[in-house]
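K.L.:
Below: one structure in C-alpha cells.
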Amino acid sequence: MHNAIYTGLQKEVEVILATPRGFCAGVSRAIEIVKLAIEYYKDTKTIYVLHEIVHNKYIVETLKTMGVIFIDKVDQAQDGSVLIYSAHGVSKSIKQLAELRDLEVIDATCPLVNKVHKEVQLYDKSGYQVILIGHKGHREVEGTVGQISTPVIIVQNLNDIDKIEIFDPDKLAYVTQTTLSVDDTKVIIDKLKKKFPNIKGPDLKDICYATQNRQTTTKRLAELVDIVFILGSKNSSNSNRLKELAAIQTQAFLIDSYKEIDLNLLNDITKIGITAGASAPDILVQQVIDFLKQHMKVKLSDLEIVQESVTFNVPRQLRQYKEQYNPI
C-alpha cells in the first residue's frame, strides 16, 4: 500500500512520539515469563500458551519462531508439558481442567487483572450481584466472568443498563475491564450510580494505570498533529480505545506495522503523531520512523505527559532462574 504514487521525498514533517507508549508492566511480565520458560525448560518440555499471550501479532509470531505453541483449549496441551495462561487471565473452570492434567502450569495473568478477579470473588462471597463493565467476548472479560459460578451481568454501553434485571438494589456491585476508555466508563458508572444509588464499586480504579496514561497522552497528541498512527493489533482492546480517542480530534489509524501506511494520506500533512498500545513492542514504532525517513525529512520530538516506573515480578517458580538468566 505504501509504495503507491507518492512523490514527496523532500517533504518536511514533524513526528511527535507519545510517551508513555507501548509495553505496560503486565505485558512486559507476561512476555518475560514465556521467554524465561523457553530457556528454563529448553529441550525438556514443550511450552504451550493458552490463547495469545498478549494481543499483538508481532509478539505472537516472534514467540512461535522460538518454539512456543499457542492453543485455544487446555486439552490441546500434551501431558508432561508446560502450560502458560495469557496476560488476560482465565476462568476458574479452565484452572480446574488444567489441575486434572499432568501439566506444569505458569500463570502470566496481569496482577491488575487478578485484582479485579479478587474483587468479583469478594463481592460474590458477600452476597452481591456483580456487574462487569466490559466487552463481551474479550479474553479478559471471559476470565473475569468465570471467577464465580453466579451469573455476572455484562454492561457494554449505556443502553445495557436499562435492561439490567437485579435481585436487590442494596446488594449490587460493579467492576470493570482493565483496558476500557476512561471517559466512556465514567459515563457508564455515573448512570449505574444514578439508577442504583447504593451500588458498590471501584469507580475508575480497575482501569489500569497504563491504559489511563496512554489515553491521556494520546488525547493530547491528537490535538497537536494532523494524523495519528497507533501501533497495535486489531484485537487489542486498549489499542482500539487509543484509536477511538485520537479519532475525536484528527485522522487516526490502528496499524500492525509500517507496511499498512499509505503515504498518499500524508500529502498535506506536516505533523504526524505516533503512539503504541500496551502490547505493542517499540521496535514497531522504530520501523515506522525508519520508513517515514526513507520518504521525507523527519524532525523527531517527544510528548511526555507522565513517567512510568511500575514493574511486576515473575511467578516464584521462575524467579530464581531469572537471577541467573536475562531474557532476550
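Glycine is no exception: its Cβ is also placed from the backbone N, Cα and C atoms.
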K.L.:
For the (2E)-4-hydroxy-3-methylbut-2-enyl diphosphate site that Swiss-Prot assigns to HIS55, HIS138, THR178, SER236, SER237, ASN238, SER279, which of the candidates HIS88, HIS117 is also assigned?
P.N.:
HIS88
K.L.:
Near the dimethylallyl diphosphate site, what residues other than HIS55, HIS88, HIS138, SER236, SER237, ASN238, SER279 in the same chain have a C-beta no further than 8 Å from the centroid of the listed C-beta atoms?
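P.N.:
Apart from the listed residues, the neighbours are VAL54, ARG139, GLU140, THR179, ASN235, SER239, GLY277, ALA278.
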K.L.:
In whole Å, note down how far the CA of GLU140 (active site, proton donor) lies from the CA of HIS55 (isopentenyl diphosphate binding site).
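P.N.:
Here the two Cα atoms lie 11 Å apart.
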K.L.:
For THR178 ((2E)-4-hydroxy-3-methylbut-2-enyl diphosphate binding site), just count the other CB atoms lying within 10 A of its CB, please.
P.N.:
27
K.L.:
For [4Fe-4S] cluster, what surrounds CYS24, CYS110, CYS208 with a Cβ no more than 8 Å from their Cβ centroid?
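P.N.:
Apart from the listed residues, the neighbours are ALA25, GLY26, VAL27, ALA87, PRO111, LEU112, VAL113, THR178, THR179, TYR209, ALA210, THR211, ALA278.
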K.L.:
Within 10 Å of its Cβ, which one of these binding-site residues (HIS55, HIS138) has the largest number of other Cβ atoms?
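P.N.:
Selected residue: HIS55.
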